Amino acid sequence: MIRERDVKQRFSKKSRYLFGWYSCTWGTALMVALPVLSVFYLALFPKENIWGHLAETVLPVYITTTLALMLGVGALSIATGVCGAWLVTMCRFPGRRIFEWALLLPFAVPAYVIAYVYTDLLEYSGAVQIFLRELFGWQTARDYWFPDIRTLGGAILMLAMVLYPYIYLLARASFLEQSTTIHDASRTLGCTPWQSFYRVSLPIARPAIAVGLSLVSMETINDFGTVDYFAVKSMSAGIYDTWLNMSNLGGAAQIASMMMIFVVILISLERLARTKQRQFHSSDRFKTLTGYRLSGWRAWGATLLCGLPVVTGFVIPVWILAGYALSNLDQLWTSNFITHASHSFLLSSCAALLTIVVALLLAYSKRLHKTQSLKIAAQFSSLGYAMPGAVLAIGVIIPLAAFDNFIDALMEEFFNLSTGLLLSGTAFAVVFAYVVRFLAVSVGSVESSLNKITESMDMASRSLGHSPLQTLTKVHLPLIKGGILTAALVVFVDCMKELPATLILRPFNYDTLATYVYQYASDEMLEACSLAALLIVLVGIIPVILLSRTISATRESN
Amino acid sequence: MRKPFKQQIKKLAFIALPLTIAANSASAADEVNIYSYRQQFLIQPMLDAFTADTGIKTNVVFAKKGLIERLEHEGKNSPADIVLTSDIGPLYDVVEKGLTQPVESEILTGNIPAHYRDPANQWFGLTSRTRLIYASKDRVAEGEIKSYEELADPKWKGRICTRSGKHSYNLSLIGSMIAHHGEAEAEQWLEGVKANLARKPQGNDRAQVKAVKEGVCDIALGNSYYFGKMITNEKQPEQKEWANAVNLVFPNQDDRGAHMSISGAALTKYAPNKESAVKLMEFLSEAQAQSMYAEANFEFPVRPGTPRSELLNKYMGDFKQDSINLQKVAELRAQAARMADKVGFDN
């Protein structure tokens, strides 16, 4: 009898424990998915059906432009990111040590800022064309041809310039982790260095590159600042047009939902293709890479190839911003700046910390209990990344305001006390939006780090008497520190740059560096906000450099 | 081992709590809370003057989209008192959604002419501007173009620059064309303008004047205050050159007058600081704020008899203004947007 009760108790304890994990995981996933669900909900109630009108008029343009944009930015980012990662990891040439981290620098430059800067530089009254006119004696724009920066091509170039670091980052981490033996084996089997890159290393790095590419694609599809400024009619232009000019938020939500489903299909297809691949690491993966020593034109070619994205994506914009900032420094430097910067810093840090906690919860519970349900929960919670920021902001407002008003009504009824809005219009709302928006970044990173730890470690730890939580803190966390840090820093920088959701959700009199820049830049007054723009970039550099060091350390510490 | 987690959470609470409290305290007494579609730096001088005058503090959130939706979902607990806009579009939307309340104020109705306010006093225009034709001094003779209608004349083929047809300023203009000429004629006109464009619509109004100076096109559409901003620009003196390259054409002086648009304000339905909010709206319609607007942003005061800035007098004397009620224009905006799609204005 006693035994039976024991078993029963144990059983109920286990099921309670399982229930705990499930409810905790799903609860978190649902909370994070609430804004996305709200947008779906909006899509159910459009003011009128816009699809007929769109299909007849602008939809084909929106679709082809968006596809061209995604393809162009994707291809250019892969070329730059993979090429850079391979060169700095596997080759030795002048400047390699600098490029290791410098190639990440453009990541700190917001796309809208780089678009403003290059328009300023390359348009008719910009420095480049003035120089050319003086050189050749041309008088007006009709005397010569100069490529127009405000075009689809220009937008592709601008976006690729600042988005390729996603791919660089992940490809480099993958190249660094690849076993040298595989590489050596391919060489002894007669592969040239090029073949061994193309036939061995690249396929192994494919999952990492694919993750990077999906981040790049989602950023591209959701970009509004650049495409709007360049008059490129992409889907996101269509969303805002339907929402603001036709006053049809439901219709806009429909376009946004459709775009999101499209992105989700793309990602699932890629995941499906990847499940067939399994990777193994041999024990000597930390053997120092010797690398190919490049010489002569090859060496300088490599330097040039790595230098180009750094100069165009970072040095030139920073140079121009610094020029403006220095010449107006006395007017620009006010105490407000410290406030704006501290707001940016606080919000971004909170969001980075929270996304890590949530990502850990989701990834770890998925590892502990390999059920379909928990897998779906993790994927579900990452949807926010595939949604344009401003639309997502509305999605954030809906549940938060509903919650606030519910509590208020409750308190009013029972205590005759009005609590007002507790969460809406506070910094919490902004941080919540950041978490929803960027959780995908940290879930991806944490999950892939966790997956690299063999399960025998878990078993050993558990058989030595550790609880799952202790196993996580004592075994897993120290091992995936690098991945966690990467995730935290990427989210931090992304939040620093985030604009539309911050604008809509922030409290009264509450500016961040990004919103401050936008105020002026949207009126084409770059000189008035140069210092703030520069500050965003500079604050973004710090984590970028830290990040790069951590990644290099994964190999070089041995 | 649980310590780090606890510490993290404590830290988080430590950071988040004061933020929340600080944000909530924005709804204390003697304050006005503003959801603004106008950039803060543009309205701050007037708001500062109001605070200096009355001791009432103002709080602002600026965004170019989404604030109406925020107001809508916050419902009766929303802290917002006033919605400030840079165009009739959002003003019309916020009223349509039933998020405003009428203001019965003799000061407001006395200061603001009837065609610049809602028939039911739900919204009020605070400044006005006209959509000008900027014509090249070198390549367009005086009197060669006199009306919006003439923009569709084939003689301008490849010579016109404008910003996106979907921008609210152009939508208002298209809306007024529909109001005056009916849909079919307006569409024909828009097609004609599209056919005359020198390049794909891009950039803001200032960029169009620059394009005239650069020789990309000969005439451009732009709001009047941009001229003032350019001709007085000490920080970027090249903008003075852009402004000096064009003549200002006030369209349709022989018939209905130039198309006007407004920036304006509406009182929210549940405004918690209603009294102060109405005070602010009244303040913005009075002579001092009206001339400040005009001085700082080169807009036209809506209040008749307000002295205009010297600069406006110098370059833009009295001209005939279209006195169609903007409510009508606003109603036609969605239709105008569809029309722009239909003729592929931006493609």
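Cβ from N, Cα, C; glycine included.
What TrEMBL says about this protein:
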- A:63-271: domain 'ABC transmembrane type-1' (DOMAIN)
- A:341-547: domain 'ABC transmembrane type-1' (DOMAIN)
- A:21-42: transmembrane segment (TRANSMEM)
- A:62-89: transmembrane segment (TRANSMEM)
- A:101-119: transmembrane segment (TRANSMEM)
- A:152-171: transmembrane segment (TRANSMEM)
- A:251-269: transmembrane segment (TRANSMEM)
- A:302-325: transmembrane segment (TRANSMEM)
- A:345-364: transmembrane segment (TRANSMEM)
- A:376-402: transmembrane segment (TRANSMEM)
- A:414-436: transmembrane segment (TRANSMEM)
- A:484-505: transmembrane segment (TRANSMEM)
- A:525-547: transmembrane segment (TRANSMEM)
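If one looks beyond the transmembrane segment (A:484-505) by at least 6 residues along the same chain, the residues whose Cβ comes under 8 Å of a Cβ in the stretch are 107-108, 110, 112, 169, 173, 224-225, 344-345, 347-349, 351-353, 355-356, 359-360, 388-390, 392-394, 396-397, 425, 429-430, 433-434, 437-438, 441-442, 444-446, 449, 477, 512-515, 518, 536, 539-540, 543-544, 546-547, 550-551. Ranking A:302-325, A:345-364, A:376-402, A:414-436, A:525-547 by CB pairs under 8 A with the transmembrane segment (A:21-42) puts A:376-402 at the top.
Only residues 6 or more beyond the boundaries of the transmembrane segment (A:345-364), in the same chain, are considered here, and those with a CB under 8 A from a CB of the stretch are 24-25, 28-29, 32, 377-378, 381, 427, 430-431, 434-435, 438-439, 441-443, 445-447, 450, 468, 472, 476, 484, 487-489, 491-493, 495-496, 502, 512, 539. Counting Cβ pairs under 8 Å that are 6 or more residues apart, the transmembrane segment (A:525-547) and the transmembrane segment (A:302-325) reach 3 or more and are in contact.
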